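Working notes for the structure below.
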Amino acid sequence: MGAVKLQLPLPKNVDGVTQDPNPDFSFDALLVELNSIEKKLNASSKFPIPFTKTESRQLSASKDNSRRGFVMQVSDDDVEDMDRDTKHEVGDHFLMGGKRFSCDEIYLSDSDQSEEGLHIELQRDLMDKVGLVESALSEFTNEHQLTIAEEMRDQLSALEAELMDESEKLASTLERVERNTEAQREMNRKFDMQYQRKIAEALDDHLTAVQRDHEHKSQIEERKIRDDAAREEAKRKEKALQEEKARQERIRAEAKVQARLEAERVEREKAAAQEAERKAAKEAAAAAEKKTSESLTTAHSEASKVSKESSQPVRPISDGPKHLAGNTIRVTENAQKLEEKRLTVYNEIAAQNEALGLGSNKAYRKYEMEIARRIKTITGSKENVRVKADELLKLISGSTCPQSISIAMFAQKVVSLCVNPTGSFNSAVYAYARVIVHVTSKVPLAMDILIAELNKVCIYTVPKYIIYSEAAFQTKEAYYKAIGYAEEDGKIESTDSYVDHLSAYMKLYGALVQTEVDGCQNLHGLREGWAWIARFLNVFPANLYTAAALQAFLEMAGFALHRRYKTQFRKLLDVIAKDFLPALKDRGDATLMKVTVNLRSYIESNQFLNEPEGWRLRNSLESHNFTPDSDHDQQYRYQQNRYHY
């Protein structure tokens, strides 16, 4: 008997569940699969919906379990009884000789109408072609499949409803979470406000404590100032007493000089009388003796003149270029008045020191070496600056040496640091300036003497400029000496060497004017630095010397000037960039290239915004391998600069 296999359409998958059974399933296998699906649905759902089972699921119990799928068999006798028309009508749907036939055109649909039409068509075809039993079996199978499909749709609807319910629960949960989050944020904002209030209260308490501490320190400083004033008054009285003693000594010395001159006069008269007597005795011998006497008298007069000139005090600063012919000096009126005022004080101190024996007393030389040693060992640490300033104040205010002499020594030794500037000078120049401010705030006269010393060796610190003129200067060497070139072994130093120590003088001056020390008043502070740069731009031409002076000053004081004057300082830099630098470039001098590039880089890269190296002192005291320059060479170079002003 041939077998006919009924194939169903491909299964559909919905949410991981197969809607229609596998077409190769047997009837028993189909039942097993349905039971498995039911168990899975009941396990995954909170509300199990059991399948409604019918007796049709048990029909296959009495059948042969070895059959797979829906197989229709037609016996050979039945085939023979069919007439030829019937065989022709069956066509491709039946396979002769017991072979199976397939129903590929039969499928199940979700639409009830299509299922009903398919069922009717299938039933009609089967009844007409194969008989009643097979048709009934096919109809029963189709009804069972429709029932299973309906149950599957119900299960899917239940699953969809459950999914919607879960979605609503999730939305509700998310809403609660958002409400809780917002409540937490509000609580955090309240905590932040409370914390900020506490911080503000703590800051207010701290500021109050700082103010109380500042007031306490101010009271201490006031008491210290009063004590210092009392000590200064006592020192002034002592100084007046010493000056009176010095005056008496000077009077006695002048009396001795007059007595010596009188004795010399008497001796000259005696010699003249003897000469007259010898002249009367012998005419020729008298003539020769007269000639000899005249030569001796001339030599004596020259010697007396040289002796008097060597005993005169150091010539004042104003003895230099002011007498030059023509308009050879460029300086503002205010700068000239201030310079003359400082010169007057300087000359008075120089005369007083000369009367006290400065230069001839060996004890003063030892005192000078002590001051020089303190100045040379200044380093860039807070502790070192404090200690050296205190030591210098004790030396200057001590009773061993007159204060006018110690002030002059202090000023000369500080300025002599610039004669041979080294790397240690550049790194410690701000420390030197702090020590100067410490000392001069207690001894104001020292500031005037120090600035006067700087004006003597470097006219650009005034600021003042001397123009070369053949009418005023016979040679170039005379002009070089007038502007501060040093002379050694009869030769004028090189321009590079002159520019080096010119820059060092300006660096010291720039560091001094920008220095501010708590508890101390800078008598030549930022206000003077601002006046200097304004006067510089008003009177100075653009050349190598003025450019080097400007560069050194800006490197030291530009940072502090910008902090104080801000926009106004930038305007001055704009003037330098638009007027001074183009004037340098127009000169066409190759030696100006380096300083021009440095100035332009300083302005364009805003280097004045950066804190200079060494500006902030170190907290700790560090040891340094310090090897001072030869005092003889340094003093020689310094004296050359002073006297060639």
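Backbone N, Cα and C define each Cβ position, glycine as well.
Because TrEMBL annotations are produced automatically, they should be read as predictions rather than curated entries.
In the predicted structure, the coiled coil (142-180) carries a mean pLDDT of 92. If you look up TrEMBL, you'll see 142-180 marked as coiled coil.
Residues 352, 355-356, 397, 399, 402-403, 442, 519 of the same chain sit 6 or more residues outside the region 'Disordered' (210-249) yet have a Cβ under 8 Å from a Cβ within it. Look at TrEMBL and you will find 210-249 (among others) tagged as region 'Disordered'.
Residues or ranges marked as region 'Disordered' by TrEMBL: 268-325 (among others).
Taken from TrEMBL, the feature compositional bias 'Basic and acidic residues' covers 268-293.
In terms of DSSP helix, strand and coil, the region 'Disordered' (210-249) has 40 helix, 0 strand, 0 coil.
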